[in-house]
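Shown next, in structure tokens, is the structure this report addresses.
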Amino acid sequence: MDTTQRNHQNLAFVGDDGRSTASTVEISTNSPALRDNSDDQEAAKVPEERATWGKGVEFLMSCIAMSVGLGNVWRFPFTALDNGGGAFLIPYLIVLFLIGKPIYYLEMVIGQFSSRGSVKVFDLCPAMKGVGIGQVISISMVTTYYVAIMGITLRYLYESFRSPLPWSECRPEWESFCVASSLGNTSQSLASPMDMDSLPQRQPVASAELYFLKEVLHEKPNIEEGIGLPNWELVIGLFIAWSCVFFIIRRGVKSSGKASYFLALFPYVIMGVLLVRAVTLPGSIDGIYYFIKPQWGKILDPKVWYAAVTQCFYSLSVCFGNIIMYSSFNKFGHNVHRDAAIVTGLDTMTSLLAGFTIFGILGHLAHEIGTDDIGSVVKGGAGLAFISYPDAIAKFKNLPQIFSVLFFLMLFVLGIGSNIAMTSCSVTAIRDRFPNFGQWQCSLLIAVVSFFIGLMYITPGGQYMLTLVDFFGASMIALVLGIAELYTIGWIYGTDRLCKDIEFMLGRKVGLYWRLCWSIITPLIMTVILIYFYATYQPLTYNNIVYPNWSYSIGWLITAFGILQLPIWMIVAIVRDPGQTLGAKIRGAFTPKKNWGPSDPLLREQYHKEIENELTPKRGQGIWAAIKQNIFG
């Protein structure tokens, strides 16, 4: 800390063209550094000393465990395959460079600089507090179904110790329309188990698919008459998964930091074992080549670029509040620039590693079956992890149980690592607002409430609800609020001020690449993606089955509940501001609170002294001069 303070003795901000456009709103004589209101007094009720990571590497490991998750293993390989194979990697890497990496670094910076969670961090612009609240609502909904998936994973992990694997053979009641997954190519079935009764001649379905739908989920053909009651076996799995989450986060970063080493590194051990085994199988090289072979005709397809953005956005977990929350527990001078580069690069490397592993195995299966069409060996889709992979594993002639145990154990650890961050985000948001609420009590409350909500996803109609909540509660809310977050930090708070904050905190100048991304490129691309999203919107379906009207109503209510936090809290902030006129209240609501800045009182006092000279925009030079300064400094 002493070294950091020595770096700040000279006024590093003076002379960078002299001034800052810290806000697009003109600053009145009541400067942000001097402004006070009831919210500031409320914000001051924070614990005297915020917990920090035991070691800086624990933060890095936790970010790896959070960002490297299920999306890398089961979503990325088939997203790439469906969108041009090797050609998909080009737009994906460009998107990573222009969206993923800039947002990741941005969220790390503001969390560490302010030592505030994903809601309190909007003390930088109280009117936009609804962005943080909406993101917590969104991530809380994701948490409920994410752990439900972990419960199903535990069921498969338990069954993986049986010989033969229970999904590898047909049950007596399935004999007339089932083909054992342990035999032949079972991916050519054109029928869904839900359609069996309506077919004049039943077409065969893989036993792995029937096992998942009829034995694990007991899935219903539709949810017109409700979603049914939970499967007790999955309830046990759900309970164990939530128990793991609770015990890891019960002491905050003190306990989750220690667990991060295992959660981040162990999946790579398993993935390495699976990869080595995969590339030594006959035909595996053909599968890997099939995965990376470019289909250049798709590179200009907007759908491919949209898929790249969504894959990058959700794989890295940006704009959900998790990264801000984790970085808020860092020591003030921690090198987040390095960590952001490591995590974003490693996330992409993991996706490629998973692709090589999966398609190496598929290439071997195609070799065994005697087909050159590797894409037909396994179907993609939502049930990929519980249908396609078990179906592929069942075809291994020697000890398929080993591969099954390793695969589902890897999935469980990856899922728990990601869910630790999601749940901790909700806990931190609550404890930032109610600091007297104990860590373990808050963690237990969220775990219990989420457990009961999660029962909905392990019913016969659970996958319908999961798809519904994922679309309306995660995708739609996160995209809108993510864009609002980018414009808030880039233009209301100001890219130029953000860069000066980084210089104060890390003692390093911010390059033009970051300035252009934060102010123009990243928010612009995200806005285009949002427009494309709504322009191509089609009513949600599950396995080509249309939802009943009441479910669409629930979905849009969920979306509205998340997004409406933005205008609601904007109005609240304006009403609460102590300004004497409406204009003064609006300006006050869009300027940082008095106590915004480093949590350390001495550092914050020094920061306010140094930034005070930068808060007054250029006068008499027009809006274009202010815009230019905000972008270029």
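Just so you know, glycine gets a Cβ as well, placed from its N, Cα and C.
Any TrEMBL annotation is an automated prediction that lacks curation.
What TrEMBL lists as region 'Disordered' is 28-47. Per TrEMBL, the feature compositional bias 'Basic and acidic residues' maps to 36-47. Residues or ranges marked as transmembrane segment by TrEMBL: 59-76, 88-106, 136-158, 229-249, 261-285, 305-329, 341-362, 405-430, 442-459, 471-493, 513-534, 554-575. Positions annotated as Na(+) binding site by TrEMBL: VAL68, ASN72, SER315, LEU414, SER418.
Positions of TrEMBL features highlighted on the structure.
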residue	record	Cβ neighbours (10 Å)
VAL68	Na(+) binding site	28
ASN72	Na(+) binding site	25
SER315	Na(+) binding site	25
LEU414	Na(+) binding site	28
SER418	Na(+) binding site	24
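In this chain, the transmembrane segment (341-362) does not touch the transmembrane segment (513-534); fewer than three CB pairs sit within less than 8 A of each other, excluding pairs fewer than 6 residues apart. Report note: the Na(+) site is defined by VAL68, ASN72, SER315, LEU414, SER418, and the residues of the same chain whose CB lies within 8 Å of the CB centroid of those residues, excluding them, are MET66, SER67, GLY69, LEU70, GLY71, VAL73, ASP347, THR350, GLY417. 59-76 is the stretch from 59-76, 88-106, 229-249, 305-329, 554-575 with the greatest number of Cβ pairs below 8 Å to the transmembrane segment (261-285). Outside the transmembrane segment (341-362), and at least 6 residues removed from its termini, the chain residues within Cβ reach (under 8 Å) are 60, 63-64, 67-68, 72-73, 76-77, 80-81, 89, 92-93, 96, 100-101, 104, 268, 271, 274-275, 278-279, 281, 284-285, 287-288, 290-292, 315-316, 374, 377-378, 389, 392. Across 88-106, 305-329, 405-430, 442-459, 554-575, the stretch most heavily in contact with the transmembrane segment (136-158), judged by Cβ pairs under 8 Å, is 405-430. Taking every recorded stretch in 88-106, 405-430, 442-459, 471-493, 554-575 and counting its Cβ pairs under 8 Å to the transmembrane segment (59-76), the highest total belongs to 405-430. By the Cβ criterion (distance under 8 Å, sequence gap of 6 or more), the transmembrane segment (405-430) is counted as touching the transmembrane segment (229-249), at least 3 such pairs being found.
Panel annotation: around the transmembrane segment (305-329), residues 50-53, 59, 62-63, 66-67, 69, 71-72, 75-76, 79, 82-83, 88, 91-92, 94-96, 99-100, 103-104, 107-112, 114-119, 121, 132, 135-136, 138-139, 142, 252-253, 336, 343-344, 347, 351, 418, 421-422, 424-425, 428-429, 474-475, 478-479, 481-482, 485, 525-526, 529, 532-533 of the same chain, lying at least six beyond its termini, place a Cβ under 8 Å from a Cβ of the stretch. Through the fold, the transmembrane segment (88-106) approaches residues 79-80, 292, 298-299, 304-305, 307-309, 311-313, 315-316, 318-319, 323, 336-337, 340-341, 343-344, 347-348, 352, 482, 486, 489, 498, 514, 517-518, 521-522, 525-526 of its own chain, all at least 6 residues removed from its boundaries and within a Cβ separation under 8 Å.
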